[in-house]
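Enquirer: The structure is given below, and queries will be raised subsequently.
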Amino acid sequence: MTRQKRSHHKLKRAVAPYLYLSPSLLIIGLLMLLPMVTVIAYSFQNSAVLRRDPSFAGLKHYQAIFDDPVFWASLWHTLYFTCMSVIFHMTIGMIFALMLNSDRINPTLRNILRVLYILPWLFTAVIIAVIWRLLLEPNGVVNSILMQLGIIGSKVEWFSSPETALHAVTFANIWAGYPLFMVSLLAGLQGIPKDFYEAADIDGAKAYQKLIFITIPQLMPIIISISLLDFIWTMQVFPLIWITTGGGPIYSTEVLSTYTYKLAFSSYNLSQASASAVVILLISLGLTLFYIRYQKAR
Amino acid sequence: MRKRNSGKDKLITVALHVALAVGLFFAAFPIYWMLSSSFKSNTEIFALPPTILPKAFTLEAYAAILGDSVKLRFFFNSYFVAGAVTVLTVLIALLAAYGFSRFNFRGKGSLNTLIISTQTIPPITLLIPFFGLVVSYGIFDTYVALILTYLVFTLPYAILLMTGYLNTLPRDLDEAVLVDGGTSWTALWRVVVPISLPGIVATSVYTFLLCWNEFLFALTLTKSTSMRTVPIGIQLLMGQHAFEWNQMMAMSVLGSLPLLLIYLVAQRYFLAGMTAGSVK
C-alpha cells in the first residue's frame with residue numbers, strides 16, 4: 001500500500017463507526033431526545049399542542065399538579081403498587097428458583113415445571129388483565145373457591161370496591177412479573193461454584209446457613225440490578241391497571257401513568273399532563289442514574 | 001455428602017414436592033382457566049360450582065372470532081406492524097452493533113450509556129409529544145405512526161442484544177477480510193452476518209414480542225377500528241360485549257399463540273431476549 005492509500009484507509013476507519021451508528025442515532029435523537037425536550041417545553045406552555053401559538057405559563061401547570069390531591073394519591077398508589085410488586089416478584093422468584101434448583105427433584109419434572117412456572121411471562125398485559133377480571137368477577141371462580149373454603153363469607157367485588165381494588169391489581173401484577181426474577185436467579189444459582197457448598201458441608205453448615213452465607217451474597221448483584229429495573233418498569237405500568245380498574249373506583253387505583261393519561265386524553269389538558277409526564281421522567285431518570293452507576297461499579 | 005435415608009430427609013423431599021404443586025397452581029391455574037373458559041359457553045363460565053373441565057365443549061367462541069373480519073383485521077395489523085418493526089429494528093441495530101463491537105471511537109462510552117439509559121424512559125412521557133408530532137405530520141391513525149414510534153422503544157434493546165452477541169464472536173474472521181483489502185462493509189455482510197444468525201434470531205424474537213405486546217401507543221395513536229391491534233381489540237371487545245367472556249378468552253388465546261409458539265420453538269432465544277435488559 002502506498003502512503004496516500006494508507007492514510008485514506010485510516011480516515012475511512014475513523015469515520016466508519018459513526019456511519020454505522022448514524023441511523024440509530026438519528027432515530028434516537030429525533031424520536032426520543034427531541035420529544036423529551038418537547039414535553040418539557042409543553043409543560044411550560046398554555047394550551048400546548050392544541051394551539052399554534054401557546055403562551056408561556058411558567059410553573060403554573062406544575063403548581064396545579066402539586067395542588068391536586070389526586071396527584072398525591074396516584075403517587076402513593078404507584079409507590080405501594082411498585083414496592084409490593086418488586087418485593088413479591090423477588091421473594092416468589094427466589095423461592096421458585098431455589099426449589100427448581102434443588103437436587104431433590106428429578107430432572108424431567110424440573111424441566112416441565114420450569115416451563116410451566118414461566119407461563120405468566122408469556123402473556124401480554126392486556127390479556128393478563130382480562131384473565132384476572134374473569135377470575136375475580138363477583139360470580140367468578142376465585143370467590144367461589146374462597147367461599148367454599150370458608151375464607152370469605154360473601155362475594156367480594158375485588159376490582160370494584162375501593163378497599164380491595166389496589167390490592168387486587170397489585171396481586172395480578174405480582175403474578176405477572178415474578179418470572180424475570182426466577183429466570184435470572186436460576187441462571188445465577190447455576191453459576192455459583194460447587195466447591196463453596198462442599199467447603200461449607202465439610203464445616204458442617206446447615207442448609208439455612210448455606211443460604212444466608214453463600215447463596216444470597218453470591219446472587220446479590222443480580223438481585224440488586226433486577227430489582228432496580230423491575231422498580232423502574234413497574235412504576236410505568238399502564239395497561240394492566242387501565243383494563244382492570246381504569247384507575248377507579250373513586251381514584252383508589254389511580255397511578256401516575258393513568259393519572260397522566262387521563263389528564264391528556266380525557267380532559268385534553270395536555271399542558272398539565274406534560275408537567276405530570278416530566279415529573280415521572282425525573283423520577284425514572286433518577287433511578288436510572290442509580291442503576292447505571294451500580295452497573296459501572298460492578 | 002447428604003445422607004438420603006433419614007426420615008427427616010424424606011420429609012423435606014415430600015414438603016418440597018407439595019410446595020412445587022402449590023407453586024404450579026399459582027403459576028398455571030389462571031392460564032388454565034382462560035383456556036378452559038374459551039371452550040365453554042357463556043353460561044357455563046359462571047356455573048356454580050365452577051366446572052374445571054368444560055362440560056359442554058364448544059368452539060363457538062373461536063368461530064365467532066375467526067368468522068368476524070373486523071377481529072381478523074386486528075390480527076393482521078398486529079402481525080404487520082410487529083413484522084415491519086422487527087425487520088427495520090434488526091437491520092438498524094445490526095449496523096450500530098457492528099460499529100460498537102468492532103471499532104474504537106470517540107464518544108463510544110457515553111453513547112453506550114445513552115443507549116442503556118433510554119431503556120428506562122417512561123412511555124407515557126413520550127406519548128404526549130408523539131401525539132403532537134403524529135397529528136401535526138398528518139400520520140395519525142396510520143401504520144407509519146405505529147411503526148416509527150415502536151422503533152424508538154425496540155432499538156435500544158436490539159442494539160444492546162446485538163452488540164453483546166457480536167462481542168462473543170472472534171474478530172479474526174472479519175479482520176481477515178480487511179487484511180485482504182476488503183472494506184468493513186464487505187466484512188459485515190460476508191462474514192459477520194452469516195455467523196451471527198443466532199443473535200439476529202434472538203433480537204428478532206424479542207423485538208417482535210415488544211411490538212406484539214404494545215398497548216399505550218396503539219391506544220392513543222390510532223382511532224379507526226381497522227387500524228387497531230390485538231391488545232386494543234381485546235379492550236374493545238370488553239367494552240362492546242361486556243359479558244361475552246368466552247369470546248374474550250378465545251381472543252386472548254389466539255392473541256397469545258405467537259408468543260407461546262416462539263417460546264416453545266426457540267426457548268433459548270426467547271430467554272436471551274427477555275433477560276437482555278438485566279444481564280450484562
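Cβ from N, Cα, C; glycine included.
So TrEMBL says this about it:
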type	residues	note
DOMAIN	A:75-291	domain 'ABC transmembrane type-1'
TRANSMEM	A:20-44	transmembrane segment
TRANSMEM	A:79-100	transmembrane segment
TRANSMEM	A:112-135	transmembrane segment
TRANSMEM	A:165-190	transmembrane segment
TRANSMEM	A:211-233	transmembrane segment
TRANSMEM	A:273-292	transmembrane segment
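Describe each of these features in terms of where it is and what it packs against.
Expert: Panel annotation: around the transmembrane segment (A:20-44), residues 56-59, 61-62, 270-271, 274-275, 277-278, 281 of the same chain, lying at least six beyond its termini, place a Cβ under 8 Å from a Cβ of the stretch.
Residues 96, 100, 105, 141-142, 159, 168, 172, 175-180, 182-183, 186, 237-240, 242-244 of the same chain lie 6 or more positions beyond the ends of the transmembrane segment (A:112-135) yet place their CB under 8 Å from a CB of it.
Beyond the ends of the transmembrane segment (A:211-233), by six or more residues, the same chain brings 82, 85-86, 89-90, 94, 98, 177, 180-181, 184-185, 188-189, 191-192, 196-197, 200, 205, 284, 287-288, 290-291, 294-295, 298 to within a C-beta distance below 8 angstroms of the stretch.
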Enquirer: Restricting to the same chain and to residues at least six past its boundaries, which positions have a Cβ under 8 Å from a Cβ of the transmembrane segment (A:273-292)?
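Expert: Hits for the transmembrane segment (A:273-292): 36, 39-40, 42-43, 48, 61-62, 64-65, 71, 225, 228-229, 231-232, 235-236, 256-257, 259-261, 263-264.
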